[in-house]
C-alpha cells in the first residue's frame with residue numbers, strides 16, 4: 001500500500017495562536033455551543049443562572065475543542081490528501097503531533113475541572129464520554145472501518161443539547177433525549193451530502209464513506225430516507241407537548257425544504273446540488289433550534 005504523503009514541517013517561528021485556535025475547529029464548536037445553550041434554556045422555565053450558562057458552555061467548549069485537536073492528529077495523513085484539509089496545522093507540520101496532543105490534554109483537563117467544580121459531575125462525565133466517542137471510537141476506528149461510520153458515530157456529535165440540559169437540571173430527561181435524537185437523525189444526510197461532493201477526495205484518502213463504497217445513487221436514496229425520518233423526529237417535541245404551534249409550523253417548513261433538497265439530489269445526482277444540500281442542512285439545524293427556543297418562551301404547556 002502506498003503511503004500517504006506528509007508535507008514538510010515549517011519552522012516553529014511561523015506558529016501563531018491562530019494555528020492552535022484552528023486545531024479546535026471553532027466553527028464546529030460554535031454550532032455545538034449554540035445547541036448546548038438552547039438545551040440549557042429549554043431545560044427549565046425562565047433563564048438559568050449566569051454561572052451555569054458561562055461555566056457550563058465553557059467546559060463543554062474546552063472538551064469539544066480537545067476532541068477536535070485529537071481529530072487533527074489522528075487524521076494527519078488523511079488531511080494531507082484532501083484539498084479541504086491539507087492546510088491544517090498538523091497536516092502541514094506547523095504544529096507537531098505531540099504538541100497538539102499536549103494542547104488537547106490541557107484543554108480536556110481544564111474543561112473537566114470547570115464542569116466538575118462549577119457545574120455538576122454528570123455533565124462532566126457525559127461530556128468526557130462524548131470526547132472519547134468522537135476522538136476515540138469514531139475518529140480512530142469507525143471512520144476508517146465502515147461506511148456507516150457517520151450513523152454510528154453521530155451519537156457523540158448529537159450530545160450538546162443533552163449536556164446543556166444536564167448542566168441546568170443535573171439529570172437526564174426525556175425531552176433532552178428528543179433533542180439528541182433530532183441531531184442524530186440530521187447527521188447522516190448532512191455528512192453524506194458533503195461526501196457526495198467530495199467523493200473523489202474521500203476515495204483517495206481511503207475513507208469508506210457511503211458514496212465511495214456504494215455509489216451516489218444508493219447514498220442519495222439514503223439521504224432521502226433519513227431526511228424523511230428527520231422530518232418525523234423533528235415533530236416529536238410538538239407531539240409530546242414540549243413545544244407549541246410556532247415550533248410545529250417552523251419544523252414543517254424547514255423539514256419540507258430539506259426534503260425538497262433531498263428529492264432534487266436524488267433526481268439530478270449533481271455535485272452542486274449535494275453541496276447546496278450540505279449547506280442548507282447547517283441552516284436547517286440552527287434555524288430549527290432557534291424556532292424551538294422562541295416557541296419555548298411563547299408557548300405555555302397546558
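Using N, Cα and C of the backbone, Cβ positions are placed for all residues, glycine too.
Your range for transmembrane segment, going by Swiss-Prot and the list 95-115, 200-220, is 95-115.
Same-chain neighbours of the transmembrane segment (221-241): 174-175, 178, 181-182, 185-186, 188-189, 192-193, 210, 247-248, 251-252, 254-256, 258-259, 261-263, 265-266, 277, 288, 292, 301-302, counting only residues six or more beyond its ends whose CB sits under 8 Å from a CB of the stretch.
Within the same chain, the transmembrane segment (176-196) packs against the transmembrane segment (282-302): three or more Cβ pairs sit under 8 Å, each pair at least 6 residues apart. Sequence-remote contacts of a segment are chain residues at least 6 beyond its ends whose Cβ falls under 8 Å from one of its Cβ atoms, and for the transmembrane segment (282-302) they are 31, 34-35, 38, 41-42, 161, 179, 182-183, 186, 190, 234, 237, 241-247, 250-251, 254-255, 257-258.
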